[in-house]
Amino acid sequence: MTSEMESSLEVSFSSSCAVSGASGCLPPARSRIFKIIVIGDSNVGKTCLTYRFCAGRFPDRTEATIGVDFRERAVDIDGERIKIQLWDTAGQERFRKSMVQHYYRNVHAVVFVYDMTNMASFHSLPAWIEECKQHLLANDIPRILVGNKCDLRSAIQVPTDLAQKFADTHSMPLFETSAKNPNDNDHVEAIFMTLAHKLKSHKPLMLSQLPDNRISLKPETKPAVTCWC
């Protein structure tokens, strides 16, 4: 696994042949690997989102992530086998210091997560964005913003229009969803698969010109905010 993590875009091989080069064996399958880090405050649901995507269900129990929690899922996109590595990072600073350089290495995309029922987690987003700027070498790495726990309607503190304004300011598409609600399983899937499709095709998010001449990144065919609750 270490070798997979070290390169910016690795190719992994698998073969059903017991002996390399055996007669009649097909060439080994090749899979591109994309490393996506999921960051945000503790208890915003990062682990639950990654677990929902990789395991297809909500975890029976969760504990605070210490360091990095790593999950991987292989998917087929347009006939190509792709491996998606999700790095679920600790939200508490005391668990992060020794790991920061490691999990930011060779990142292909970033998912920022906040808890829609916790305004403090939303206010922490600028600090997470600044951390990314300090450790990521490339400026064109795709980034998306995810508001989690939208099923808790009566407890929501972060209105969609406020989150959308923040997303526009930082050139990110916004998604609102719930990792817990089983009805949103396909929606969590769509978030990560949309990102995987963009990484595979190497297509940038579509540029749109704002009235004050700022450039904003928008999804190519999707509205700026997608809410499935």
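Indices start at 1 and increase along the chain as displayed.
Using N, Cα and C of the backbone, Cβ positions are placed for all residues, glycine too.
Worth saying up front: this structure is predicted, and the values here are computed from it rather than measured.
Checking the ranges 4-16, 56-68, 173-185 against Swiss-Prot, the motif 'Switch 1' annotation falls on 56-68. Among the ranges 69-88, 89-108, the stretch that Swiss-Prot annotates as motif 'Switch 2' is 89-108. Neighbour counts of Cβ atoms within 10 Å were compared for the binding-site residues Asn43, Thr47, and the top value is held by Thr47.
Rounded to a whole number, the distance between the Cα atoms of Asp88 (Mg(2+) binding site) and Gly45 (GTP binding site) is 10 Å. The DSSP secondary structure for Thr47 (GTP binding site) is helix.
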